[in-house]
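Peer 1: Feature list, courtesy of Swiss-Prot:
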type: DOMAIN; residues: 3-145; note: domain 'Globin'
type: MOD_RES; residues: Tyr26; note: nitrated tyrosine
type: MOD_RES; residues: Tyr31; note: nitrated tyrosine
type: BINDING; residues: His62; note: O2 binding site
type: BINDING; residues: Lys65, His93, Lys96; note: heme b binding site
type: MOD_RES; residues: Tyr134; note: nitrated tyrosine
Amino acid sequence: MGGFTEKQEALVNSSYEAFKANVPQYSVVFYTSILEKAPAAKDLFPFLANGVDPTNPKLIGHAEKLFGLVHDSAAQLRAKGAVVADAALGSLHAQKGVTDPQFVVVKEALLKTVKEAVGDKWSDELSNAWEVAYNELAAALKKAF
């Protein structure tokens, strides 16, 4: 990787704002996408036990936290060239037994959600910026296992 560019960070920042403009709606898109690809994922998220409930504050809060972490990862990549994950968060993912294929499902759901949030502003460049930030966050979480 040739370093996370200023443009990549700007793309993540602007599309993150689009996500934040309607967190409840995009939280539903995000978790619905996860459950469509991996129905067993509901066991990893206690707040999904009864499905995707758009009024569940835990569902909305978790989506907002995840998207915020990826957004913050973009900033870390730009500033420091690396992402450092919270050890407790890495430990939680290890305790839950999160696997590489599950990280991929979450990434795909994240990209689908961002695509919906930005509409016609979606591009390969935008997708790549989010993918790099997410992949680096996932790698940092796995290191913290």
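We count from 1, first residue shown onward.
Even glycines carry a Cβ here, placed using N, Cα and C.
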Peer 1: Of the recorded positions Tyr26, Lys96, Tyr134, which one has its Cα closest to the Cα of the residue listed as 'O2 binding site'?
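Peer 2: Out of the listed candidates, the nearest Cα belongs to Tyr26.
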Peer 1: Neighbourhood of the heme b site (Lys65, His93, Lys96): other residues with Cβ within 8 Å of the Cβ centroid, in order?
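Peer 2: Here the nearby residues are Leu44, Leu89, Leu92, Val98, Leu141.
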Peer 1: How many Å lie between the Cα of Tyr134 (nitrated tyrosine) and the Cα of Lys65 (heme b binding site)?
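Peer 2: Approximately 13 Å lies between the Cα of Tyr134 (nitrated tyrosine) and that of Lys65 (heme b binding site).
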Peer 1: Check the DSSP secondary structure of His93 (heme b binding site), expressed as helix, strand or coil.
Peer 2: helix
Peer 1: Find the shortest Cα-Cα separation between Tyr31 (nitrated tyrosine) and the binding-site residues Lys65, His93, Lys96, and name the residue that gives it.
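Peer 2: Comparing Cα positions, the candidate nearest Tyr31 (nitrated tyrosine) turns out to be Lys65.
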Peer 1: How big is the heme b site in terms of the longest C-alpha to C-alpha distance among Lys65, His93, Lys96, in angstrom?
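Peer 2: Greatest Cα-Cα span of the listed binding residues: 18 Å.
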